[in-house]
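Quick look at what TrEMBL lists:
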TRANSMEM  35-58  transmembrane segment
TRANSMEM  70-93  transmembrane segment
TRANSMEM  99-119  transmembrane segment
TRANSMEM  131-150  transmembrane segment
TRANSMEM  162-181  transmembrane segment
TRANSMEM  193-213  transmembrane segment
TRANSMEM  233-253  transmembrane segment
TRANSMEM  260-278  transmembrane segment
TRANSMEM  290-308  transmembrane segment
Amino acid sequence: MLFLVLFPIITGCGLAAQSAVNSRLRYYVESPHFATLLTFLTGGIFLILAMVVTHDSFVIPSQVVSGEPWWVWSGGILGLIGVTMLILLFPILGSVQTTILTIGGQILMGVLVDQLGWFNAAIKPLNTWKIVGIALLIAGVVWSNLAQGQTTRTQAAGKHRFLWQLAAVLTGMVIATQATVNGYLGSVLGSSLYAVVISFMLSLVVLTLILLIVRAPWHNLRTLPQGVKEQPWIIAGGLLGAIYTFSVAWLIPLLGTAKVVIFGLFGQVAFSIVIDHFGLFEAEKQPVTTGKLCGLAVAFVGVLLVSLH
């Protein structure tokens, strides 16, 4: 049982590391788009191998293709947008802000989906606890943001800093939408893992076509071997994301959605603080202040209230 609790926390830490790793990968290939492409390639390979090991079927029933709404196939596009935006946001906002703001966006979108029944989701009316949780989440994010000192990163964001923060929230909403879409596709396919594989492969195909159409500078990839030689971990982003996705699909039937989400979010927030504080993965060091920790604690309590009610 202890392993089942620790595993989502560990994979949540890996998800926090993914943005930092992908940001460093971007440095070597000189493009967020190529970094995203490599992320989906490595992650997709892992997920396909996982399907082979678990003996999942690769056949898509004809009734799913013809009878389901068009948006069941939008997970790939949404994932493509989400990963690319995270790569862009990390060097500007840092690990903690990127993590907590995208989590906030996920929570807000989750509430909208539950309240309005979007994407064939069961309607779950807003209650007092969720309202209090959202208020605490917003208050905690504002507190943490005000407690943050000036760094090279915040100076670079300059007067557009609020727009970048808003972009992080919107990115979280995109990620939450992708999770909802993939969850529905997984239910009609009878396999959450297969739904994620389809999403990864669609992301990979669409991005490859876009890069070919716009005649992207593929020669940028020539620097990748040198980057892998110097810092082998730069290609681990796709693997970290795929492991987290696989673990969620595996653990939800065992622990329940609320516990898996909460443990995963705890790992994300905790490790994002570590990344910023110690400057891991070549990130800019940003020591964590007491005020920032208090703000994050308030925000996390808000996340718990929304997730549990």
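If you go along the chain as it appears here, the first residue is 1 and each next one adds 1.
Even glycines carry a Cβ here, placed using N, Cα and C.
Where the annotation comes from TrEMBL, it is an automatic prediction and has not been curated.
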Cβ-Cβ under 8 Å with the transmembrane segment (290-308): same-chain residues at least 6 beyond its ends: 96, 100, 103-104, 107, 110-111, 129-130, 132-148, 258, 261-262, 265-266, 269, 273
When counting Cβ pairs under 8 Å to the transmembrane segment (162-181), the leader among 35-58, 99-119, 193-213, 233-253: 99-119
Seg_contact(the transmembrane segment (260-278), the transmembrane segment (35-58)) with at least 3 CB pairs under 8 angstroms, min sep 6: no
Chain residues in Cβ proximity to the transmembrane segment (35-58) (below 8 Å; excluding those fewer than six residues from its ends, i.e. six or more beyond): 18, 22-23, 25-26, 29, 79-80, 83-84, 87, 191, 193-194, 196-197, 200-201, 203-204, 207-208, 211, 224, 235-239, 241-243, 245-246
